[in-house]
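Visitor: Dumping what Swiss-Prot says about this protein:
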type	residues	note
DOMAIN	107-322	domain 'Radical SAM core'
BINDING	121, 125, 128	[4Fe-4S] cluster binding site
MOD_RES	333	N6-(pyridoxal phosphate)lysine
């Protein structure tokens, strides 16, 4: 990965790039940072050869020291369980490959497309459902972007574009300005939805320039954050989320239900409360997509339903996310509750 000269970086604009370039890329280094050198049984470095290991320090700093069961650590640490063979788990659990119409563009639903804007992330979560996605054939470059814009302009039934990845906010501000300006010239496009985890792990990604881009856009901008545990929300993130709110951005959140991480109603109630405090609507709670190497994260449908049932007794209805599952064979996500 390219390392940036910090003397040349604009402190406000580019500090997030510095954080990415200086991320922790070795499991042992993260364990040392957390004073967990004596717990080698809790990780296996081999899985990082299949799916790279990457954790920014700003996210690692929210993990509890001396706690091998920290819920943030468990989302990112490599384990030999990733090599467990389970026939129910495969490399394309939501059957996305069949929906690729152009390099980087998926057209599954009639009125919207999903754009793989960038192929990398600031953090590599071990449960990621795209850990085996064919990114090499779907790279985010200007040539592909121009083809995608043409496709969108020619399909007038579309009214929404979803930016995904990787993480779409890995694109720099000037790239996003060009893209959003280009989309705003297509009259039938009304909404731009951005699915991202980057501001959660590196809050500095929400720059003043980015907020200005969102604020000036004629498109309705919706950002879907990926927050799984209340411990992920700190003061710095709250400040960045407030900037987005002031930029007329609609904020939603989706979480993944993860075994031994957030699979109880008390944690999810606290998460929904913290989200509400930060102007985010709890949107979806996903049953784990059965991607190869993630079976140790799976929470059964029966337990998931029980958790939601308990959650509904604890908090206001609007704070209860919809429990959903996507197996790729339906025209939409299956809403369980």
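Quick reminder: no glycine exception, Cβ is built from N, Cα and C everywhere.
Remember, predicted model here, so these are calculated numbers, not experimental data.
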Visitor: How big is the gap, in Å, between the Cα of residue 121 ([4Fe-4S] cluster binding site) and that of the residue listed as 'N6-(pyridoxal phosphate)lysine', rounded to a whole number?
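Guide: Distance (Cα to Cα, whole Å): 24 Å.
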Visitor: Compute the C-alpha separation of residue 128 ([4Fe-4S] cluster binding site) from residue 333 (N6-(pyridoxal phosphate)lysine), stating it in Å without decimals.
Guide: 17
Visitor: Roughly how many angstrom lie between the C-alpha atoms of residue 333 (N6-(pyridoxal phosphate)lysine) and residue 125 ([4Fe-4S] cluster binding site)?
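Guide: Per the Cα atoms, residue 333 (N6-(pyridoxal phosphate)lysine) and residue 125 ([4Fe-4S] cluster binding site) stand 22 Å apart.
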Visitor: Please list, in sequence order, the residues in the chain of residue 125 ([4Fe-4S] cluster binding site) that are at least six apart in sequence and whose C-beta is under 8 Å away from its C-beta.
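Guide: Result: 75, 76, 197.
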Visitor: Report the mean pLDDT of the predicted model across the domain 'Radical SAM core' (107-322), rounded to a whole number.
Guide: 97
